[in-house]
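Listed in TrEMBL:
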BINDING   G36, G37, H38, D56, F82, D99, Q106  S-adenosyl-L-methionine binding site
COMPBIAS  277-288  compositional bias 'Basic and acidic residues'
REGION    267-288  region 'Disordered'
Amino acid sequence: MSDNPFIHTPVLLQESIELLNVKPDGIYIDCTLGGGGHTEAILKGLGTGGLVLGLDADKEAIEAAQKKLSQHKNITYINDNFADLKKYITEPVDGFLFDLGVSSHQIDTASRGFSIREDGPLDMRLGQEQKLSAKDIVNNFSQEALTEIFFQFGEERFSRRVAKKIIIERESTEIATTQKLKEIIEQAIPTWKKRESVTRIFQALRIAVNNELTSLKTALLDAIELLKPGGRIVVISYHSLEDRIIKHTFRQANLNILTKKPITASEPETALNPRSESAKLRAAEKLS
Ligand SMILES: C[S@@+](CC[C@H](N)C(=O)[O-])C[C@H]1O[C@@H](n2cnc3c(N)ncnc32)[C@H](O)[C@@H]1O
């Protein structure tokens, strides 16, 4: 086992770095620093005049990346949501990278509440300072609001049933753990496809807790505005709701689309890293 729990294989690493077209003296923003794998590859392409801004909502990710990349000087760390990019970047830059969602480390840390396999508190906040957790949503939102979240953000056909079951269960005791929620979902779903439904409901809650789709839309528009002419934006997403937003935003922004179809992981990569199976990479260049 490695000392650094964040070490994992960055998804579509070579493809994303090639498409970012790293210039030695360029300024690049990694909006989802995570374990620092993509950033490390960007840093390798930089000379002394280049710079990376590594941003992550998760304080623990920033700390782990700082440790891993401690020998590098040309990096600045920012612990904030990428929806607030404009607070930190005021000059046009050469490239943006987004590798969306949660890291393997976050999923594997049961206490963060993202894991379907291991029991933990029903949390799911990316940033430690965020107020709203999955427990707040599950225990306080109305049946209609829960149904809407599960349907909109999870595309779950049994949304209504799951929401109804939650309302009944929470009348007797608070739903406080991931395993309790998993049990409730499984009880609400007819015999087949329980696992898929649990995955979709967990995804929906995570999106709602972190306001993920709105943050993504804001950040993409801001990033495109902040690109130099000829600058590149590379985005890796893991579900269709995100991919749709990226595709439409790129089209509407009148960019030079570099990936007519999204790039997906090769067979050897998916064999090595199952997380890469659902990954889709889209890249575009700002017109000169
Ligand atoms: C898939 S991981 C990135 C992995 C990284 N590319 C690497 O090579 O290690 C996604 C990271 O983005 C962060 N993240 C997700 N949404 C965010 C947001 N709206 N603002 C800031 N960070 C975010 C998560 O906390 C997580 O650490």
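Note: Cβ is positioned from N, Cα and C throughout, glycine not excepted.
Beyond the region 'Disordered' (267-288), the same-chain residues lying 6 or more positions past its ends with a Cβ under 8 Å from any Cβ of the stretch are 8-9, 11-12, 15-16, 19-20, 104, 224, 227-239, 243, 246-247, 250, 253-259. Reduced to three states, the DSSP call for D99 (S-adenosyl-L-methionine binding site) is strand. In the three-state DSSP scheme, D56 (S-adenosyl-L-methionine binding site) falls into the strand class. In this entry, S-adenosyl-L-methionine is bound by G36, G37, H38, D56, F82, D99, Q106, whose most widely separated C-alpha atoms sit 18 angstrom apart. Classification of G36 (S-adenosyl-L-methionine binding site) by DSSP places it in coil, neither helical nor stranded. The DSSP secondary structure for Q106 (S-adenosyl-L-methionine binding site) is helix. For H38 (S-adenosyl-L-methionine binding site), the number of other Cβ atoms no farther than 10 Å from its own Cβ, over all displayed protein chains, is 27.
Mapped onto DSSP classes, the region 'Disordered' (267-288) shows 11 helix, 6 strand, 5 coil.
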